[in-house]
Amino acid sequence: MIGLTHYLVVGAILFVTGIFGIFVNRKNVIVILMSIELMLLAVNINFVAFSTHLGDLAGQVFTMFVLTVAAAEAAIGLAILVVFFRNRGTIAVEDVNVMKG
């Protein structure tokens, strides 16, 4: 049977993969956003695993809120990237740093 440890290991692997994605590919903003979403998914897996292990629904409810906020964050981030690409013609991180007030 799959226990709590297995879910925590999967969550840790996903979280480390997200961190690795951010550190390896600092040039592409879309990959950075996807890595952040992967890290949030890993945290949600841990919330659900602990919630199931303890028999409490609070972790699962909190996971739904985190998923909602993550979806809104991804939609707003991609909308900003589309506008930035239309204005600048690129979405490189170096070009994002030159934006001023």
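In case you wondered, yes, glycine gets a Cβ from its N, Cα and C as well.
The feature transmembrane segment is assigned by Swiss-Prot to 4-24 (among others), with sequence analysis given as support.
Beyond the transmembrane segment (30-50), the same-chain residues lying 6 or more positions past its ends with a Cβ under 8 Å from any Cβ of the stretch are 4, 7-8, 10-15, 17-22, 59-60, 62-63, 66-67, 70, 74, 77-78, 81, 91, 93. Marked as transmembrane segment by Swiss-Prot on the basis of sequence analysis: 30-50 (among others).
What Swiss-Prot lists as transmembrane segment is 65-85 (among others), and the listing cites sequence analysis. Long-range Cβ contacts of the transmembrane segment (65-85) within its own chain (Cβ-Cβ under 8 Å, at least 6 residues beyond either end) map to 29-30, 33, 37, 40, 43-44, 47, 91, 96.
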Non-local residues, at least 6 beyond the ends, that sit with Cβ under 8 Å of the transmembrane segment (4-24): 31-32, 34-39, 41-43, 45-46, 48-50, 53
